[in-house]
Every structure is written in C-alpha cells, then in structure tokens.
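Below you'll find the structure, written out as structure tokens, and then a few comments.
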Amino acid sequence: MSILKIHAREIFDSRGNPTVEVDLFTSKGLFRAAVPSGASTGIYEALELRDNDKTRYMGKGVSKAVEHINKTIAPALVSKKLNVTEQEKIDKLMIEMDGTENKSKFGANAILGVSLAVCKAGAVEKGVPLYRHIADLAGNSEVILPVPAFNVINGGSHAGNKLAMQEFMILPVGAANFREAMRIGAEVYHNLKNVIKEKYGKDATNVGDEGGFAPNILENKEGLELLKTAIGKAGYTDKVVIGMDVAASEFFRSGKYDLDFKSPDDPSRYISPDQLADLYKSFIKDYPVVSIEDPFDQDDWGAWQKFTASAGIQVVGDDLTVTNPKRIAKAVNEKSCNCLLLKVNRIGSVTESLQACKLAQANGWGVMVSHRSGETEDTFIADLVVGLCTGQIKTGAPCRSERLAKYNQLLRIEEELGSKAKFAGRNFRNPLAK
C-alpha cells in the first residue's frame, strides 16, 4: 500500500526541547513516529538539523527539518507510490535526495522520522507486529526479549553533580523472563533511593534526564558501592550485574583524562589512558561490572584496543562507532571494542540501523539498543531490540514516562508471545548462540 500523505510537526522531547514528529497516512490508517535527541553528541554522527534561530527555543527549533519533510520529502514519496513495506527503497531514496555524507541537507532527524513511520506502516500493511516486521527486514527468524540495563545513577553531562562517569547501570541477568527483570530493576531502584536518602539526604534523590539519581558524589567508586549495597538490600546479589557508560570523550583533555572535569580546570590532576584503564580493572575486580561503554575518547584508538584485549568484559562503542558502518568496520579491524551501541538517530534511518547491527553481529560483537537522553513517548526501539535479537537494551531507569513507555511495550510484547517468548538472560551478549 502506498503512502497517501505525510505531515511533520514540531513537538517536545523529555527535556522541553523541540523535536520532529511525523504522521504518515496509508489506506490502513495513521502511523506516527517521533525522533529522540542526545546530550553528548559524537562528532562522527549524522547531523541533527536545528534552526539555530536564537530568538526561538534558544536556537534549538526544528522547523527547518519539519519543512524539509513537508515540502520536499513528503511530495517525493507520495508521488513515487512506493509500498510502505519497501523500507530499504524508501530510505535509499531519502538518503539520495539529501545527497550529503551526514544527512546535513534535510537533517537526520527529518529522514529518521519518516523512516520510523514507514516501518510502523509496513508492519500493519503486512498484518504483523512491528517487532516481527523488523525481524523480517533483518532476516531473523527468531525474536528475543532483551535484558534491560537500567541507568540508576547519573553523572557526566547528564547530571549537575561532580561525578565524571555518565551512567551506572544494573542488569538483572538472572531473571527468568522480562517481567521478572522489570520487577528486580524496580525493587533495586527503590532500595537505591532509600540508601541514597539515608546517606546523602532527601535532595540527593532528585532524578536526572534518564530517571536515575544524581547524588553529589565525586568518586566513581562510590557510585558502584551504592549499587552494590542496593542490590544486596533488595536480595538480588546473585541475579544483578553492573554496567557503566563512562562517556570519556566528555572529559578527554589533550591526550589525558580529567575525572574532576566539572571543577575549575587543573591539568596537574589529569590521568593517562593506562591509569584510567587500571581504574576500570579495579572496578571489574571489586564489583560485578560486566560492561563498560565509551571507556576512552572517540579517537583514542590505541587505548580502546589495549583495554578490550585485556579486560575480559563487554566493551561497548558508542561515541567510538556512532552506529556508523564505516566506523564499525574500522573498530572491527582494530579490535577496539566488542559491542555496538545502536542508536537509530546517530545514523538516521531504519535501514542503516539494521545494516550496522548486522555488521556488528556478523563480526561476533554484541549489540545494545539504546534510547537518547532527550526522549519522547515513541516506543519504536522496544520492538527494534526484540526483532534484532540483540539481547540488551538501555532506556533509562524505571522512572519517567518516556523511559517506561519502552519498558512497558516490552512487557506487552512478552505477554503477546506467551509461551514462545525467549528472554536473553545471562546470554545477553550473544543471545542467538545455540
């Protein structure tokens, strides 16, 4: 069924910034998608087009991206009479019309909004759930429920505290199914809230952009200690492991790293990549840390390679790879990491997201699907993670509706699959392994 009409508008994300929403109409109805936005943006990612009109929304308006959809992309797609199940053809057409390497003409936020809406319409056209349509597009016969990685302590660019490292996550790998993983996550979260309140006072339980707590601690080890205590108090020491997103590019300073980057600058406290690697290894030794994302700067290739070879855990590339097939191929060649963080808006289309995922999986990597810090009520990534069988998703703490929207959709998918539902559990790094 071809597209009858496409209409885009400015809506608001969870930080009160404008973002793009797309309504796509076929004879089967209306299909709506909204685009997320990140706080820490990699320099190699597809361009999110903002108006830069300082008199409006501090320059963050997206009326140009909206206009590109309404005036250029929409008429082209409607006139071509393409079937909404032809995801790759439609995405390719938009990318060719844009004609730039990083989607800077229309904006990745324009192309992605349409791409997501097309995917949702394609599922209904085929009469299958969205996760099944995505599995078909990716060539997967199975679907798998992921382990959720709940970001429960926030630091870095996401929080107003002194903590350098951006995310401290809990992964309930010992759960029997996704519903139990949610329960464990929620119970640990509430225990953590009490632990933080007792130790730092009630105002320390205010939440950050992704629903995690942002207590004013400086030592990253203290963050891990709080998690360990909360997991123990909840009674899940044998079922929960820890993940971190360091976002080290945010505190990379002339070849070194500043773990107190939110204080006045003082080069004498910078540490070398090797010292930082040793710090991570002490975390791995003393705590159940099984996954570290962006441990080094996006161009500190040597440090990545050395760490991945010796750490023995999941090393996730986000700023390093920005979901870009060229960067992924380089990281595969250099053995820089062993897991891809998949963010649809970093590459800017459904087709390219699927290609990036397949490329990573074909090279033996894990893949973790991710939200952005500026989110909407859109739940596309919940279906995406199930259809791509990646086995792991991070979409914030079990708090704030834009985060829960994704987790609740995963609960519904598990319920719909019934006895056929498979949960990644402890195999979250390679859930398709027999």
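Just so it is clear, glycine is given a Cβ too, placed from its N, Cα and C backbone atoms.
Summarising the annotation, Swiss-Prot assigns phosphoserine to S27, S291 (among others). If you look up Swiss-Prot, you'll see S40 marked as Mg(2+) 1 binding site. What Swiss-Prot lists as phosphotyrosine is Y44, Y287, and the listing cites similarity to another entry. Taken from Swiss-Prot, the feature N6-acetyllysine applies to K71, K92, K193, K202, K343, K406 (among others). Sequence annotations record features per position, and here Swiss-Prot assigns substrate binding site to H158, E167, E293, D318, S370, H371, R372, S373, K394. Among the features that Swiss-Prot reports, SUMO2 cross-link is placed at K202. The active site, proton donor feature in Swiss-Prot is assigned to E210; the stated evidence is similarity to another entry. The N6-malonyllysine annotation in Swiss-Prot covers K233 (among others). Swiss-Prot lists D245, E293, D318 with the feature Mg(2+) 2 binding site, giving similarity to another entry as the kind of evidence. The N6-(2-hydroxyisobutyryl)lysine feature in Swiss-Prot is assigned to K281 (among others). According to Swiss-Prot, the active site, proton acceptor annotation covers K343. Residues or ranges marked as region 'Required for interaction with PLG' by Swiss-Prot: 405-434.
Overlay of Swiss-Prot feature records on the structure.
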residue: S27; record: phosphoserine; Cβ neighbours (10 Å): 9
residue: H158; record: substrate binding site; Cβ neighbours (10 Å): 22
residue: K202; record: N6-acetyllysine; Cβ neighbours (10 Å): 10
residue: E210; record: active site, proton donor; Cβ neighbours (10 Å): 30
residue: K233; record: N6-malonyllysine; Cβ neighbours (10 Å): 16
residue: Y287; record: phosphotyrosine; Cβ neighbours (10 Å): 18
residue: D318; record: Mg(2+) 2 binding site; Cβ neighbours (10 Å): 27
residue: K343; record: N6-acetyllysine; Cβ neighbours (10 Å): 23
residue: K394; record: substrate binding site; Cβ neighbours (10 Å): 28
residue: K406; record: N6-acetyllysine; Cβ neighbours (10 Å): 25
Per DSSP, what is the residue tally for the region 'Required for interaction with PLG' (405-434) in helix, strand and coil?
19 helix, 1 strand, 10 coil
Counting only residues 6+ away from its ends, which parts of the chain sit with a Cβ under 8 Å from the region 'Required for interaction with PLG' (405-434)?
129, 131, 142-148, 171, 173-179, 181-182, 314, 339, 361, 366, 371, 377-379, 381-383, 385-386, 389-393, 395, 398
Just going by other Cβ atoms within 10 Å, which of the recorded positions K281, R372 has the emptiest spot?
K281
Residue from Y44, K71, K92, K233 whose C-alpha is spatially nearest that of D318 (Mg(2+) 2 binding site), among the modified residues:
Y44
Which residues, in sequence order, are found in the same chain with Cβ within 8 Å of the centroid defined by the Cβ atoms of H158, E167, E293, D318, S370, H371, R372, S373, K394 at the substrate site, excluding those residues themselves?
G38, N151, Q166, E210, D245, L341, K343
Got a sec? Which of these recorded positions, S291, S370, has the most Cβ atoms within 10 Å?
S370
Mapped DSSP class for S291 (phosphoserine), helix or strand or coil:
strand
Using only C-alpha positions, which one of H158, S291, R372 is spatially nearest S27 (phosphoserine)? These are the recorded positions in the record.
R372
Which residue, of the modified residues K71, K92, K193, has its CB surrounded by the fewest other CB atoms within 10 A?
K71
Near K202 (N6-acetyllysine), meaning Cα within 10 Å, which of K193, S291, R372 (recorded positions)?
K193
Per the record, substrate is bound by H158, E167, E293, D318, S370, H371, R372, S373, K394: how many Å separate the farthest pair of Cα atoms?
16
Using Cα positions only, nearest of the recorded positions to R372 (substrate binding site) (K92, E210, K233):
E210
Across the region 'Required for interaction with PLG' (405-434), average pLDDT on the 0 to 100 scale:
96
Using an 8 Å cut-off from the Cβ centroid of D245, E293, D318, can you name the remaining same-chain residues around the Mg(2+) 2 site, in sequence order?
Q166, E167, M244, V246, A247, I292, D294, V316, G317, D319, L341, S370
Sort out the sequence-distant neighbours of Y44 (phosphotyrosine) for me: same chain, 6+ apart, CB within less than 8 Å of its CB, listed by position.
Q298, V322, N324, R327
